[in-house]
């Protein structure tokens, strides 16, 4: 939609979180008439921002006023099955996400990243690479979307030469119909948010695949060829109008594949373009303590592919990768206290993310896990837990389910708080061993978000450090 068409249009914004308030501000600046409607209580900071913008809002439920709109912008935390959204659709009111709305205003090049795991690290890597290149080439790189800053907050200041690096969740993509990234990256797809998608991984995948639904000739799609679901989709449903670039850990697996790829061979990251393969940089220059594991190598390959597709200079890519030390709350090394290494993996909000962490940390660890369950199948990692974990300390709403799932596999202790869990882990850990905090659940039962959860874990560990 042309933003000019929004002048004078009544728009209901459902949800008064960060993205909802940002969307309302963008709409107001375009001359639309937004109304923000929050089912719960509007936070004081959000209320102050909306008053400053002159945006009306309501809280404690959705009034009949919201259905007087021509357009509805829905916040990512609100499912399409919510009664207010169903009523919008029943009345013929168009429902879009904040990402879709902001894309109508975007003049910059867009690199969109989605997937179950790795999207934050990949988006962070791509942003830092583009930022380093932009400092020399005279453009700016913006890090927006699910990574923290709403797209709507920054889009008005973007110029055509700039690059918007968007981390995108399935929730944000659900409401996209014309959103068209110049470069789309899919890291992987494994079961997550099954509570929202009725236990159907294919429904979840369809939301993720909306990232490329509007891509055309001249655009690029990058996907993890080692992921079975992604491979089946892109090899089975083509041909595609856009360019396809594959990534994977073994270059020999691409024999007979005509498309470009980024992979690994003989300890080097290698790139094939137009049938020619080049050694790009040694893997050892990228992977280091604090940033290790196959899952992070996948993230690096996706970042290299995206940077090459965006025309970023190779020296900026190599320099940024060699300097990268990881992302907070993603297998973050907190420190060695009481003779034990403590690792904060609070961003692990599903079983597959926990699996990746377990594969990286040495055997004999104590595992702290739990939170608000998302339809997790813990049985799928029982053998790995038996191999790598000495005991589990379970927290949150899911602690009973976790205890039941691993009964007979390893000892499980239940803790009423994260602070108590840290103390139990300290008592249980072996000298020279590790404690891994990898919840495999969402944080909203006990914390405001995974970042709050991770910070509280680190604080509890440091408070205990005087043992």
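Keep in mind that glycine also has a Cβ here, set from the backbone N, Cα and C atoms.
Long-range Cβ contacts of residue 121 (ATP binding site) within its own chain (separation 6+, distance under 8 Å): 296, 299, 326, 327, 330. The ATP binding site annotation in Swiss-Prot covers 115, 116, 117, 118, 119, 120, 121 and rests on sequence analysis.
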When you average the Cβ positions of 115, 116, 117, 118, 119, 120, 121 for the ATP site, which other residues in that chain have a Cβ within 8 Å of that mean position? 113, 122, 187, 188, 299
Under a three-state reading of DSSP, tell me whether residue 121 (ATP binding site) is helix, strand or coil. helix
Can you count the other CB atoms that lie within 10 A of the CB of residue 119 (ATP binding site)? 26
All-chain count of other Cβ atoms within 10 Å of residue 116 (ATP binding site): 25
